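K.L.:
A single structure is presented below for examination.
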Amino acid sequence: MYPSFVMKAGLIRTTAAALVAVALSAVAQPAWSAGDALPPKSVDFSFHGPFGLFDRAQLQRGYKVFVESCSSCHSMNHVAFRNLSERGGPGFTPAQVRVLAAEFPRQVIDGPDDFGDMFERPGRPADRIPPPFPNEAAARAANNGAYPPDLSVIAKARPGGPEHIYSVLTGYQDPPPNVEVRAGSYYNPYFPGGQIAMPPPLSDEVIEYTDGTPMTAEQYAKDVAAFLMWTAEPKMEDRKRIGFQVMIFLIVFGVLLYFTKQKLWRAVEH
């Protein structure tokens, strides 16, 4: 056994060290959070919750926003045109997908041909969505040194998912007087660090909707955020459906086990 005064001294040192650590963390915390992004805005998406599903019309509008506003800088290397007609997706028909692939703003680089040369051709359903730049160096050269990220799984790669995407797209503001924005950047408190190299990509009535949906920047942002959630998790509806079926099975199985136990042990003396 240690003497009591030794144990008391050790306890005092431990307590003092803990208090110092708490004090230092309290002092350091504001410095860390000052450069952090604001929490994402709250957005009511149709796919939220255990029974939520994608809105097919919204996904189709979101694809349109991606093509007309996002695809000139951002790639989507993990999505093929044929995915647009798969179950759980935007709901385009195979015939519509063939048209969308052929009319995409960029052609597909294919080859080599009989002479060993690469060539361009219209897209086909089996093709992946062609990227805007051939490599990272070309992308940075065209975007003032910034590298636009691939959007295939961006909704899963960022905390907040589609809410984060919506917040960034609608979060451009004039900087506060005490904030100096770097040249070539824009103030956006929803982006980490508060400054983003991407210019505001959306404004009212720049993309035409033919279904009567309001053509506002907020609606464009919500639609493309939903579309990017689908590209990041195309089997979400299947996952939810299977999960619900598994829960029903477990409940029924549990009830059967309970009554089986009651019947088997009813005649046994305890």
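A Cβ is built for glycine as well, from the same backbone N, Cα and C atoms used for every other residue.
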K.L.:
MET118, MET198: which one does TrEMBL list with CYS70, CYS73, HIS74 for the heme c site?
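P.N.:
My reading of TrEMBL gives MET198 as the candidate in that site.
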K.L.:
Taking the centroid of the Cβ atoms of CYS70, CYS73, HIS74, MET198 as the heme c site, which other residues of that chain lie with their Cβ within 8 Å of it, listed in sequence order?
P.N.:
SER69, SER71, SER72, PRO148, LEU151, PRO201
K.L.:
Checking distant contacts: for the transmembrane segment (242-260), what same-chain residues at least six beyond its ends satisfy Cβ-Cβ under 8 A?
P.N.:
50-51
